[in-house]
Amino acid sequence: MAQFRILLLAAILMFSGVVVDAYGPGDNGYVGLRDDYYETSCKDVETVIKKAVQAELAKNLKHAAGVLRMHFHDCFVEGCDASVLLDGPDTEKTAHVNAKLAGFEVIDAAKAAVEEICPGVVSCADILAYAARDSTVELNGTAWAVQGGRKDGTVSLASRAEAELPPPEFEVSQLIDSFARRGLSVRQMVVLSGSHTVGVGHCDKFVSRLYNFNSTFFTDPTIDPAYATELKNICPQHTFNTTIEVFMDVITPTSAGVFEANYYKTLQEHKGLFTSDQSLFDDTRTKATVTSLLNNERFQKEFGKAMRAMGRVGVKTEGQIRTNCRAVNTY
């Protein structure tokens, strides 16, 4: 019933002249989005969001990486429209690929704080974009200017999430195609993959690389042998625990992660956890980019620019500003 209401409202909005764009133009700018978007309509919004995010992350800093990942998962499905936040049967957050998403309460807190000062003004999609930036800073990353002006979507389907989000088994050609369809370049793809420096993986996402890899190799030969042995100890064949978290950055594996360029060093050492990670170093089309991003200052600067580009993907410049980020407005 909830899914029906979401789809029905989407149809009503469509026939009411609402413009819904498939994808934005990558790093070339987007009509409707701009820096300091709420300067006159909600002057203190970024400060209020930052304080709410900091308060929530003080309770559980691991949710910082979760919010950053959530922003990616939102923008790659239906565009950056906060559709990943919607509750209900068969919505994006119920998809298997989104089963480990965390940090929804961070967005709830930020939205509640914003509604107190500027009710009905700031979209959930913009709040998620600001919160992703602020979460990165809490992990010692470098801030970037976030554009505002997105409207909230009304369609959220688990099937779309399963079809659109790049799985960990993807290799470079598939990753290039996935990002290109969203107006993002090969270099931006490699830069954005650097967010895995604060990521974790679960056994079911990479165990296929450890056992019965193919007819020639029992274990994926691109994995450092010592690292493969370590992973096998963590994830025994047939009996692994899917709740165990494995740090994707083996250089600085802290409980919440540190946002830095060491992710790329792990790829050089053939300790990329997923195929989608390790292939970035092993493929000639992306290897030089990986090497160049070992410079942390360069990585931080380029990451902010790439996040601005990703934040323009599929934005809706007309539509809803949800009162509750978990539900579409019914009025």
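Cβ from N, Cα, C; glycine included.
Just so you know, TrEMBL annotations are computer predictions that nobody has curated.
Bond annotation: of Cys80, Cys118, Cys124, only Cys118 is listed by TrEMBL as forming a disulfide with Cys42. Of the cysteines Cys203, Cys325, only one is given by TrEMBL as the disulfide partner of Cys235: Cys203. In this structure, Thr252 is the one among the binding-site residues Ser83, Thr197, Thr252 with the smallest number of other Cβ atoms inside 10 Å of its Cβ.
In sequence order, His73, Cys75, Phe76, Glu78, Cys80, Ala82, Val84, Gly153, Ser156, Gly314 are the same-chain residues whose CB sits within 8 A of the CB centroid of Asp74, Val77, Gly79, Asp81, Ser83, Glu92, the residues recorded for Ca(2+) 1 being left out. Here the C-alpha separation of Asp81 (Ca(2+) 1 binding site) and Thr197 (Ca(2+) 2 binding site) works out to 25 Å.
Neighbour count (other Cβ atoms within 10 Å of the Cβ, all protein chains): 20 for His73 (active site, proton acceptor). Cα of Ser83 (Ca(2+) 1 binding site) to Cα of Thr197 (Ca(2+) 2 binding site): a distance of 25 Å.
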